[in-house]
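Visitor: Below you'll find the structure I mean.
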Amino acid sequence: MKAFTSLLCGLGLSTTLAKAISLQRPLGLDKDVLLQAAEKFGLDLDLDHLLKELDSNVLDAWAQIEHLYPNQVMSLETSTKPKFPEAIKTKKDWDFVVKNDAIENYQLRVNKIKDPKILGIDPNVTQYTGYLDVEDEDKHFFFWTFESRNDPAKDPVILWLNGGPGCSSLTGLFFELGPSSIGPDLKPIGNPYSWNSNATVIFLDQPVNVGFSYSGSSGVSNTVAAGKDVYNFLELFFDQFPEYVNKGQDFHIAGESYAGHYIPVFASEILSHKDRNFNLTSVLIGNGLTDPLTQYNYYEPMACGEGGEPSVLPSEECSAMEDSLERCLGLIESCYDSQSVWSCVPATIYCNNAQLAPYQRTGRNVYDIRKDCEGGNLCYPTLQDIDDYLNQDYVKEAVGAEVDHYESCNFDINRNFLFAGDWMKPYHTAVTDLLNQDLPILVYAGDKDFICNWLGNKAWTDVLPWKYDEEFASQKVRNWTASITDEVAGEVKSYKHFTYLRVFNGGHMVPFDVPENALSMVNEWIHGGFSL
């Protein structure tokens, strides 16, 4: 069995999860495990009340967690270790320091990159970097903005968010959709299909302690808490750069993976502020985790030959996944009903053991079912090149980074979100609210991804309740022809302002696998009336 570590929509699993089969065996619960967990979660616990509230399925799962990992609960860490800066730059080191009396305790520090040729990344494009500071909580979020190559005074703006939770959006910049990738010699390689071809793109490292972001505190461990920070970042950003929005330019949020959690919540937070200084025009969610209760039905079909690729698992493994599914879904339902850490944590651990670990143990790439995991950093050795590039002193100096060491993903953040119960929560309900407010939404999915696969994404969009759900469900899937390549590049289903797109030959990171078609998708969406 090949040993490696991978993100599962961000979750770091190890090969110790090979014990998953024993989760089928009922065990007695030592009540101390709940008391210990409560202490670690920082929760007051009325044990007798809790035992009455939790159903037997959830209690059995806690018992099995204790049985499989007897030392884990006692040693459990549920907060991020502080990430301290190498050196705080003084006010005079920044071109702009932006505050707003209506947003207490927040400020934005901004620098224009004086000579982009030093970095070799889109040298003819204006670039800004900086930090959002949450002063009373000692949180500092890093961002990097690239103006449109076309007409920044008129083109729309896109905020890009990578998932994880805990992965830097600079991964999106250098690995997927930004102006350059990084070669093995640590030299930038220009990307003709960058999303800033026709839009200004902001890459934001969030939540705190991700990428070049940092905090002297433990940061956040759930999606809702992160939403306020992102909204305030945008308010201050557009205070400083009103030229990006004051002529009626559109603003969009796009992201992938765990951003299927982030984006619905962040968009809801934005729309709740009627006096905001920018207009949220649409959102785009790529290979996201949004409705686990629906999506977890589709790991076995995707792994076992029903997603368009041959099965990667033997029949007995497929049968074991089928056998464990009913219990997995029952645990997710309990999480949906209570949205309590006590129900949601065991749902995540049990279901990821039962539905995801069998595939991972094969050594295949969870982000692309056609490939083996190449080892190294998250199955793609190129990600290590990105880390090495960003850790060079001249790069950190040029972008104003205050953190000594950059890492593409912070697995502590991932763990914190899991143990806050965030993973299995029903964020698709926020999508319902957004659609009912007439916000255009594009859900796209590369069809070679396993971990947030197209089968599950199509399924949840098909059953999502909203004001035109019957009309959407009745629409036929049709071919989508990409404008740049003029080839049939996917299948699309759309009604009014809701669109689902299956992207052929794309993995988890669609812009990495099919860059021309990804840019076609974005251009057609943001410049073509929010339909494909």
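Numbers run from 1 along the shown chain.
Each residue, glycine too, has its Cβ placed from N, Cα and C.
As the structure is a computational prediction, the values presented were derived from the model and not from experiment.
Swiss-Prot lists these features:
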{"type": "ACT_SITE", "residues": "S257", "note": "active site"}
{"type": "ACT_SITE", "residues": "D449", "note": "active site"}
{"type": "ACT_SITE", "residues": "H508", "note": "active site"}
{"type": "BINDING", "residues": "C452, M509", "note": "substrate binding site"}
{"type": "DISULFID", "residues": "C167-C409", "note": "disulfide bond"}
{"type": "DISULFID", "residues": "C304-C318", "note": "disulfide bond"}
{"type": "DISULFID", "residues": "C328-C351", "note": "disulfide bond"}
{"type": "DISULFID", "residues": "C335-C344", "note": "disulfide bond"}
{"type": "DISULFID", "residues": "C373-C379", "note": "disulfide bond"}
{"type": "CARBOHYD", "residues": "N124", "note": "N-linked glycosylation site"}
{"type": "CARBOHYD", "residues": "N198", "note": "N-linked glycosylation site"}
{"type": "CARBOHYD", "residues": "N279", "note": "N-linked glycosylation site"}
{"type": "CARBOHYD", "residues": "N479", "note": "N-linked glycosylation site"}
{"type": "MOTIF", "residues": "24-27", "note": "motif 'Vacuolar targeting signal'"}
{"type": "SIGNAL", "residues": "1-20", "note": "signal peptide"}
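Relative to the rest of the structure, where do these features sit?
Guide: Classification of S257 (active site) by DSSP places it within a strand.
Under a cutoff of 8 A between CB atoms, and with a sequence separation of 6+ in the same chain, the neighbours of D449 (active site) are N287, Y367, D368, I369, G506, G507, H508.
Mapped onto three states, the DSSP output places H508 (active site) in coil. Cβ contacts within 10 Å of H508 (active site), excluding its own Cβ and spanning all protein chains shown: 27.
Over all protein chains present, the Cβ of M509 (substrate binding site) has 24 other Cβ atoms lying within 10 Å.
Following the DSSP three-state reduction, the secondary structure of C167 (disulfide bond) is strand.
Neighbour density for C318 (disulfide bond): within 10 A of its CB lie 19 other CB atoms from the protein chains shown.
Over all protein chains present, the Cβ of C351 (disulfide bond) has 26 other Cβ atoms lying within 10 Å.
Residues near C335 (disulfide bond) in space but far in sequence (CB under 8 A, at least 6 apart, same chain), listed by position: S343, C344, A347, G421, M424, K425.
Around the Cβ of C379 (disulfide bond), a 10 Å sphere holds 22 further Cβ atoms from the protein chains shown.
Cβ environment of N124 (N-linked glycosylation site): P116, R149 lie under 8 Å away, each six or more residues apart in the same chain.
Sequence-distant contacts of N198 (N-linked glycosylation site), defined as residues of its own chain at least six apart whose C-beta falls under 8 angstroms from its C-beta, comprise S148, R149, N150, D155, P156, N523, I526, H527.
Residue environment of N279 (N-linked glycosylation site) contains 12 other Cβ atoms, counted within 10 Å of its Cβ in all protein chains. DSSP assigns N279 (N-linked glycosylation site) to coil, not to a helix or a strand.
Counted within 10 Å of its Cβ, the other Cβ atoms near N479 (N-linked glycosylation site) come to 10, all protein chains included. Secondary structure at N479 (N-linked glycosylation site), taken from DSSP and collapsed to helix, strand or coil, is strand.
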Visitor: Spatially, which candidate from the recorded positions S257, C452, M509 is nearest to C351 (disulfide bond), comparing Cα atoms?
Guide: C452
Visitor: Give the helix, strand or coil assignment DSSP yields for C351 (disulfide bond).
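Guide: DSSP assigns C351 (disulfide bond) to helix.
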Visitor: Could you say whether, by DSSP, C409 (disulfide bond) belongs to a helix, a strand or a coil region?
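Guide: In three-state terms, C409 (disulfide bond) counts as strand.
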Visitor: Quick check: in three-state DSSP terms, what is C304 (disulfide bond)?
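Guide: Its secondary structure by DSSP: coil.
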Visitor: Out of C304, C328, C344, C452, which of these recorded positions shows the lowest number of other CB atoms within 10 Å of its CB?
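Guide: Fewest other Cβ atoms within 10 Å, among the recorded positions C304, C328, C344, C452, is found for C304.
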Visitor: Highest Cβ count within 10 Å among the disulfide-bonded residues C167, C373, C409: which residue is it?
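Guide: Per the Cβ count within 10 Å, the most buried is C167.
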Visitor: Can you tell me whether DSSP puts C328 (disulfide bond) in helix, strand or coil?
Guide: helix
